[in-house]
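Everything on this sheet refers to the single structure shown next.
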Amino acid sequence: MFSKKNLKWLSVLATVIMAFVQLGGALVTKTGSADGCGSDWPLCHGAFLPQNLPIQTLIELSHRAVSGLSLIVVLWLVIVAWKHIGYIKEVKPLSCISVGFLLIQALVGAAAVMWQQNAYVLALHFGISLISFSSVFVLTLIIYEVDRKYEADELFIRKPLRIYTWIMALIVYMTIYTGALVRHKEASLAYGQWPLPFNDLMPHNVQDWVNLTHRGMALIAFIWILITFIHAVNNYRENRTIRYGYTAAFILVILQVTTGALSIITEVNLFIALLHALFITLLFGLIAYFIILMLRTIRSGG
């Protein structure tokens, strides 16, 4: 059960389950299923499995089940990784972050159900779970020795790209928070057409301001990732990790902006909304890997 041969498939399983936790959370919010079990937690309407199962209750129960399963699988992965590859410097910190933020995520989710937190607190839930996902994702990359295959273990990231990337991480996280706030404030269709309601540009209420702020942050994120991508590709032509990684980040932000626009155009089509959540999850996981690479450079005296 805890042998090294289980490490690779277990890391993939943990990453996939954590991705489903992200999508499940988005699905709960988009379908208005947060109150699907009333104010009971961990029970649902006072029972382990209530007899009456409307779609909102089923969605909320499924999300809780997947979240519980993710904790079991991630704990299993962490124990195996700690035991067999704990000598790799990043493994133990990533393991602690994975479990720690998964527990915080569960507590915030439980508090939201039991005490009806306001939208600004609820918006933190998605960002917290993203940190846990990213830790598991990066741990998986390390387990599969992606570093060695793409010479990332010998990579030296110079200061300009490190600055670009730190700022990119901050901007993307702020964009994620404002996006989650849009969902929890039920502001997805506020502030009119995309990209702007040119016939009436002035926001009229809180929902309009929240939506406009998210659109502004998304634009800043797109421009900054484009600038960072151009710098990375032009200055690290010989390094596949940088070239492929930052190209993937730029592609993901294009997909993110596209699905964001389509969400408004289609009046929040559920499939497009879930793709929107998936692309930002993958983008943040990739940025987390960039951060690990930068920390290695700093640790080596760069």
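Each residue, glycine too, has its Cβ placed from N, Cα and C.
According to Swiss-Prot:
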ACT_SITE  Glu60  active site
BINDING   His63, His125  heme o binding site
BINDING   His214, His276  heme b binding site
TOPO_DOM  1-8  topological domain 'Cytoplasmic'
TOPO_DOM  30-67  topological domain 'Extracellular'
TOPO_DOM  89-93  topological domain 'Cytoplasmic'
TOPO_DOM  115-122  topological domain 'Extracellular'
TOPO_DOM  144-161  topological domain 'Cytoplasmic'
TOPO_DOM  183-215  topological domain 'Extracellular'
TOPO_DOM  237-244  topological domain 'Cytoplasmic'
TOPO_DOM  266-271  topological domain 'Extracellular'
TOPO_DOM  293-302  topological domain 'Cytoplasmic'
TRANSMEM  9-29  transmembrane segment
TRANSMEM  68-88  transmembrane segment
TRANSMEM  94-114  transmembrane segment
TRANSMEM  123-143  transmembrane segment
TRANSMEM  162-182  transmembrane segment
TRANSMEM  216-236  transmembrane segment
TRANSMEM  245-265  transmembrane segment
TRANSMEM  272-292  transmembrane segment
Which same-chain residues, if any, lie at least 6 apart from His276 (heme b binding site) yet have Cβ under 8 Å of it: Ala26, Gly179, Gln256, Thr259, Gly260, Ser263
Rounded Cα-Cα span from His214 (heme b binding site) to His125 (heme o binding site), Å: 17
Rounded inter-Cα distance in Å - Glu60 (active site), His214 (heme b binding site): 26
The transmembrane segment (162-182) vs the transmembrane segment (68-88): 3 or more CB pairs under 8 Å: no
Surrounding residues of the transmembrane segment (272-292) on its own chain - C-beta under 8 Å, 6+ positions past either end: 19, 22-23, 25-27, 30, 90, 130-131, 133-135, 137-138, 141, 165-166, 168-169, 172-173, 175-176, 179, 188, 245-246, 248-249, 252-253, 255-256, 259-260, 262-263, 266
Residues in the topological domain 'Cytoplasmic' (293-302) grouped by DSSP into helix, strand and remaining coil: 7 helix, 0 strand, 3 coil
Cβ neighbour count within 10 Å of His125 (heme o binding site): 23
Distal contacts, the transmembrane segment (94-114) - CB-CB under 8 A, six or more residues away: 25, 34-35, 37, 39-42, 67, 70-71, 74-75, 77-78, 81-82, 121-122, 124-125, 128-129, 131-132, 135-136, 138-139, 142
For His214 (heme b binding site), nearby residues of its own chain (Cβ under 8 Å, 6 or more apart in sequence): Thr175, Thr178, Gly179, Leu181, Val182
